[in-house]
Amino acid sequence: MAAILLTTRPKVPVSFEDVSVYFTKTEWKLLDLRQKVLYKRVMLENYSHLVSLGFSFSKPHLISQLERGEGPWVADIPRTWATAGLHIGDRTQSKTSTSTQKHSGRQLPGADPQGGKEGQAARSSVLQRGAQGLGQSSAAGPQGPKGAEKRYLCQQCGKAFSRSSNLIKHRIIHSGEKPYACPECGKLFRRSFALLEHQRIHSGEKPYACPECSKTFTRSSNLIKHQVIHSGERPFACGDCGKLFRRSFALLEHARVHSGERPYACPECGKAFSRSSNLIEHQRTHRGEKPYACGQCAKAFKGVSQLIHHQRSHSGERPFACRECGKAFRGRSGLSQHRRVHSGEKPYECSDCGKAFGRRANLFKHQAVHGARRPAKAETARRLAGPGSTGPGSAVAATSPPRPSTAARPSRPSRR
């Protein structure tokens, strides 16, 4: 495949045919998903570079096929593979090689209509050379190797680039132009590779497979994130408490614990949450929706995490064990509360007397001493009492009657 990245205008006239490779329908079927993705990406990049460098020609039929998501095949006729993997500077050599092969009477590799082992190996070689050419032209193109002088300056933001092609791509950010449209849903993209990644949503194609568990992904970035699970690596650390996370978004969610930020508010009652998933579960409270049902007892829950926690009551599973004493718990929250026994941490403090507790429930019980009530319980009591109930009856509904003290209880006569 012609893996050519045109970063400056060539000294000789160049057509799209000079930097493209065609497949027959038979040959296209022999390529695996990774090779097809590489081919599409390079062809679209070649076309966009030629256009950006000022070459005027009508859109090639091959590009129209790729943008529509069709296969790039042509009629089953022999054609030259010698151009694959070469740069613009090798154009003369490519034509000479082509002419020599044509007149020597030998069949070209890759022109095997039956798709034999020799032909398939040749095609793989072409794709491999294409991938290598892509890397070579990126690393040692006309603007020099990595670390070369950044001579191409963006006039709008002042950012500099070592390649003119990178500057051209960067300018699209300022213009807001999105020239690549999805033929199925019409969504627009700034880069051709972004369109190719998006089209996998429609096709269901997942070319990136995890070598350890075989799980597949539509994007290489998602595969890289997934592989962190197998490595056990947790590269994202919280600056406040040092807790480590596998994903950057998990660290962002955790940081809200320290900042107290709750950006997700319920439009019905105004209650706010630090996670969008918690808001979704909460909204089911208003609708009375409980979509997650236990298969053993038919009990239903608002969230899948609640269902999983409940199912452990049937299985007896307690996967969260304390490292200090070995005590195990069904849920992570139970383990977190238990750890405070060892650490002595008491994060729940009474606003009236300053006494602290390891559990929120114990704080609520203690606040009854001061006559305080939980806001949620008070609101429930007002609803039960009905509108306009402000007398002693509402107070009785809000709190249960106090238990008599031991000293006030009459002693029972002993039985003899």
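Each residue, glycine too, has its Cβ placed from N, Cα and C.
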Of 39-61, 108-130, 292-314, the range Swiss-Prot labels zinc finger: 292-314
Feature zinc finger in Swiss-Prot, mapped to one of the ranges 72-94, 348-370: 348-370
Surrounding residues of the zinc finger (208-230) on its own chain - C-beta under 8 Å, 6+ positions past either end: 197, 200-201, 246-247
Contacting positions for the zinc finger (264-286) when only residues 6+ beyond its ends and CB under 8 Å are counted: 253, 256-257, 302-303, 306
For the zinc finger (320-342), the number of residues DSSP places in helix, strand and coil: 11 helix, 4 strand, 8 coil
For the zinc finger (180-202): best-contacting stretch of 152-174, 292-314, 320-342, by Cβ pairs under 8 Å: 152-174
Helix, strand and coil residues within the zinc finger (236-258) as assigned by DSSP: 11 helix, 4 strand, 8 coil
Average pLDDT across the zinc finger (348-370), rounded to a whole number: 88
